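Undergrad: OK, Swiss-Prot features for this one:
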{"type": "ACT_SITE", "residues": "HIS104", "note": "active site, proton donor"}
{"type": "ACT_SITE", "residues": "GLU434", "note": "active site, proton acceptor"}
{"type": "ACT_SITE", "residues": "ARG619", "note": "active site, proton donor"}
{"type": "BINDING", "residues": "ARG114, THR136, ALA137, LYS138, ALA139, ASP140", "note": "(6R)-10-formyltetrahydrofolate binding site"}
{"type": "BINDING", "residues": "ASP347, ASP368, VAL369", "note": "NAD(+) binding site"}
{"type": "BINDING", "residues": "ALA393, TYR398, 432-433, ARG460, ASN492, 526-535, TYR613", "note": "UDP-alpha-D-glucuronate binding site"}
{"type": "REGION", "residues": "1-304", "note": "region 'Formyltransferase ArnAFT'"}
{"type": "REGION", "residues": "314-660", "note": "region 'Dehydrogenase ArnADH'"}
{"type": "SITE", "residues": "ASN102", "note": "site 'Transition state stabilizer'"}
{"type": "SITE", "residues": "ASP140", "note": "site 'Raises pKa of active site His'"}
Amino acid sequence: MKAIVFAYHDIGCVGLKALEKAGFDIQAVFTHTDDPNENHFFSSVARVSAEMGLTVFAPENVNHPLWIERIREMKPDVIFSFYYRHMLSDEILNLAPKGAFNLHGSLLPKYRGRAPINWAIVNGETETGVTLHKMTAKADAGDIVAQEKVTIEDTDTSLILHEKVREAAAKLMAHTLPHIASGNYSTTAQDESQATYYGRRCADDGLIDWNADAKTVHNLVRAVTEPYPGAFTFLGERKMIIWRARPVADNQGKRPGTVISTEPLVIACAKGAIEVITGQSENGLYVQGSRLATEMGIVTDVRVGPKATAQVKRRQRVLILGVNGFIGNHLTERLLKDGNYDIYGMDIGSSAIERFIGNPRFHFIEGDVSIHTEWIEYHIKKCDVILPLVAIATPIEYTRNPLRVFELDFEENLKIVRYCVKYNKRIIFPSTSEVYGMCDDKEFDEDNSRLIVGPINKQRWIYSVSKQLLDRVIWAYGAKEGLKFTLFRPFNWMGPRLDNLNSARIGSSRAITQLILNLVEGSPIKLVDGGEQKRCFTDINDGIEALFRIIENRDNKCDGQIINIGNPTNEASIRELAEMLLDCFEKHELRGHFPPFAGFKKIESSSYYGKGYQDVEHRKPSIKNAERLLDWKPTIETRQTVEETLDFFLRGAVEELGNK
C-alpha cells in the first residue's frame, strides 16, 4: 500500500519506522526545516528518512497547488500525519482513497490542539495517551481508530512523559497498522461534548503565579522544565528559573510569593509552599536551591513574583472609529469591563454610548471621519490598537447609494490603513461575510474559499468588493511593509442596539430590526423572495467576546490572520427567523401595546432593494481559525438573541409612545 507521510519530532520518526515494519510503501516524507531558535531534544525526521532511503521534502506551504499536484502524481493509497505542524487541506486529504490518519498525543477528544503533553501536566492530569484518528478539515476531530493510555506520575516531567507517549505510539502502531493495510478496522466518533482545545505554549507561559496552590505551581514546573525554557519568577527585576521543585504542605501563614526559608529555599503559595530543589538566575549556573538563594541575595520574608516593572504596566489605548455603532458600543462596554484599556472614540452621534460618558477611561468626540482627519491621525499615532468600524453596511444602501458606500467604506478607510502603516500601529479591520459573495462552498473558509461576486450591473456587490479590496490592501501592507493586522469577518451579528427603528422606517437597517418595526407598527412582514435565504445568526455577546480576544492577542497568535466570527449551528432562513420573532412577540409582556399582527407578505427583491440587487442562498462560516487562535466557540442560541433584541426594541417603542 502506497503511503505519503507528513511527520516531525520523535513521534514522526517512530511512525516512519512502524510504517516500514508494517510493509507500507512510503512514496515521500514531508517534514519541516529545523527552527534554529528551538531546542531540538527530539530526533530529526529528515535524517531518519535519509537513512531509510526515503525522498524528503520540507515545503513552506504544502497546500500550494503545485505541491498538491505533485502529491496527486504519487497516487497515494493512504496518508499519515505524525506530529506534522501544519493543517492539510481537504484537497490533499481527498487524494488518498484508503483514508488519511493522524497520530495525536492525547486521549481525544480531550486536549485537541498544540502541546498536549505539556498541557496535561500543567492541568494535573493523571492519565493521557495517544490517539490514531481519521483526518478531517477540523483539527484532531476525526473518528478514532485506536488509542493507547499512558499513566502520568506526580514526578513525571514533560520529557519523561514524552518518552512514555513515544513508547505508547510505537505499541499502538505496531498493533493497528496491519489492520489499516488490510482495511479491517473500525472507528468510533468523537464525543464533541467532551472535546477540549489548547493552543501553543510559549516561554512567557512559564511565569509562576504564587497565588495558586503548591500542587498547581509544581505542575507548571515539571511541565516546562528542561528541555523547555522553565518556570520562572522575579526578585525585583531579576529573573529566577526553577528547574526542579517539590510541594510542601505548610505555608506558615505567609503571603503568596514570600520566602519562608533559604536552606532549603521554600516559597509560600496561596495553599502550601514550594521547595526549590534546583534552579538558576537568568545568566547563572544550574545550582541547588539554597545556593541559588545565596547567589541572588534572597533572604527570609522577601517576596518574589512578577517583574517589578510589569506591575506598573500602562493600559492599552484603543481607538474605535464608529464607536456609537452596533459593534462599537458593545465592544466599548467589554473593554471597560476588563479594566485594562483606555478607549478613544469618534462617531457622528452618541445615543448608544451615553452610558459611558463620564467614565475616566472613555474619551469621546463627536465628529465625521471624512472631516476630522487631523484628530484621527493624531489619535492613531497615540493609540496602540486601531478599529475603524465606520461603514455603510445595510443592503438597501448598496443599490440606493453605491458611490457613497465606496467613498466611505473604501476611500475613507484606506486613509486610516495608511496612517497605521505610517505610525506602525496594529489595525483590527472589520471585513465582512459579504466578501464571500456567491461562494458555493458548504462552509466559508477564510484561507481557501473563493470570493465570488456578480456582474457589474448588480451594484449590490460594491460593498463586498470595497471590503475585499481593503482586505487585500491590508494583507499586502502586512507582507511588504510589516503592518500588524487582523481581519475579522462577522456573520450576521444580532442583539440590542442593532440599528434603530427610525433607520428601519426608511429601509436602512438589518433584517431583524426591519421585522421588529413591522410588528410594532402593525404592518405586514415583508419576506424578500419568500425569505428562503439562509443565514447563521450570531449573538452580539458571542461576537464581542471573540473580538475582545483578538484585541488581547495572546502570544500574538492573531497577527496576520483572517478570522470568521459566526455561529454555524444557528443556521435559519429569514422566514424562520421571522416566525421565531413573531412567536416571541406574541408571548411578550408588552404585546398589548401594539397592533394586531398583519401577516406575512412575499415580495420580489427588486421591488424592495431596487434595480441591481442580487441575493445569496446561504452563508455559513467555518470557525476553525477562531477555535484555534482564540480558543473561542459561540454558545448562545438564536432564540435567546431574538428574545433579548425584541425586548430591547419593544421597551424603547413603549417609552417612545409614552412620551408622545
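Glycine residues also receive a Cβ, built from the backbone N, Cα and C atoms like all the rest.
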Undergrad: Using CB atoms and a 10 A radius, I'd like the single residue among the binding-site residues ALA137, ALA139, VAL369 with the highest neighbour count.
TA: VAL369
Undergrad: To the nearest whole angstrom, what is the C-alpha distance linking GLU434 (active site, proton acceptor) and LYS138 ((6R)-10-formyltetrahydrofolate binding site)?
TA: 23
Undergrad: What is the separation, in Å, between the Cα atoms of ASN102 (site 'Transition state stabilizer') and LYS138 ((6R)-10-formyltetrahydrofolate binding site)?
TA: 12
Undergrad: Taking the centroid of the Cβ atoms of ASP347, ASP368, VAL369 as the NAD(+) site, which other residues of that chain lie with their Cβ within 8 Å of it, listed in sequence order?
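TA: Near the NAD(+) site, beyond ASP347, ASP368, VAL369, sit LEU321, GLY322, MET346, ILE348, GLY367, SER370, ILE371, HIS372, VAL390.
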Undergrad: Using Cα-Cα distances with a 10 Å cut-off, which of the recorded positions ARG114, LYS138, ASP347, ASP368, VAL369, ARG619 are near ARG535 (UDP-alpha-D-glucuronate binding site)?
TA: ARG619
Undergrad: Per DSSP, ALA393 (UDP-alpha-D-glucuronate binding site) is which: helix, strand or coil?
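TA: For ALA393 (UDP-alpha-D-glucuronate binding site) - judged by DSSP and reduced to three states - the answer is coil.
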Undergrad: Output, ordered by sequence, the same-chain residues six or more apart from ARG619 (active site, proton donor) with a CB under 8 Å from its CB, or 'none'.
TA: SER433, TYR436, PHE444, PHE491, ASN492, LYS534, ARG535, CYS536
Undergrad: Please give me the CB contact count at 10 A for GLU532 (UDP-alpha-D-glucuronate binding site), counting all chains in the structure.
TA: 15
Undergrad: Let me know the DSSP-derived helix, strand or coil state of VAL369 (NAD(+) binding site), please.
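TA: For VAL369 (NAD(+) binding site) - judged by DSSP and reduced to three states - the answer is coil.
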Undergrad: Quick one: average pLDDT across the region 'Formyltransferase ArnAFT' (1-304), no decimals.
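TA: Across the residues of the region 'Formyltransferase ArnAFT' (1-304) the model's pLDDT averages 94 on the 0 to 100 scale.
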Undergrad: So among HIS104, THR136, ASP140, ASP347, all listed as recorded positions, which is physically nearest to ALA393 (UDP-alpha-D-glucuronate binding site)? Use the C-alpha atoms.
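TA: Nearest by Cα distance to ALA393 (UDP-alpha-D-glucuronate binding site): ASP347.
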Undergrad: Please give the greatest C-alpha separation between any two of the (6R)-10-formyltetrahydrofolate-binding residues ARG114, THR136, ALA137, LYS138, ALA139, ASP140, in angstrom, as a whole number.
TA: 17
Undergrad: Cβ distance under 8 Å to ASP140 ((6R)-10-formyltetrahydrofolate binding site), same chain, sequence separation 6 or more: which residues?
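TA: Expected: ASN102, HIS104, LEU108, PRO109, ARG112, GLY113, HIS133.
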Undergrad: To see if you understand the setup: which same-chain residues, six or more apart in sequence, place their Cβ under 8 Å from that of ARG114 ((6R)-10-formyltetrahydrofolate binding site)?
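TA: Within the chain, ARG114 ((6R)-10-formyltetrahydrofolate binding site) has Cβ neighbours under 8 Å at TYR198, GLY199, ARG200, ARG201.
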Undergrad: For VAL369 (NAD(+) binding site), which of the binding-site residues THR136, ALA137, LYS138, LYS526, GLU532 has the nearest Cα in space?
TA: LYS526
Undergrad: Which entry in the list of recorded positions, ASN102, THR136, has its Cβ near the fewest other Cβ atoms, using 10 Å as the limit?
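TA: Counting other Cβ atoms within 10 Å of each of the recorded positions ASN102, THR136, the minimum falls on THR136.
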Undergrad: Just report the maximum Cα pair distance in Å for the recorded NAD(+) binders ASP347, ASP368, VAL369, no decimals.
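TA: Max Cα-Cα spread across the NAD(+) binders: 8 Å.
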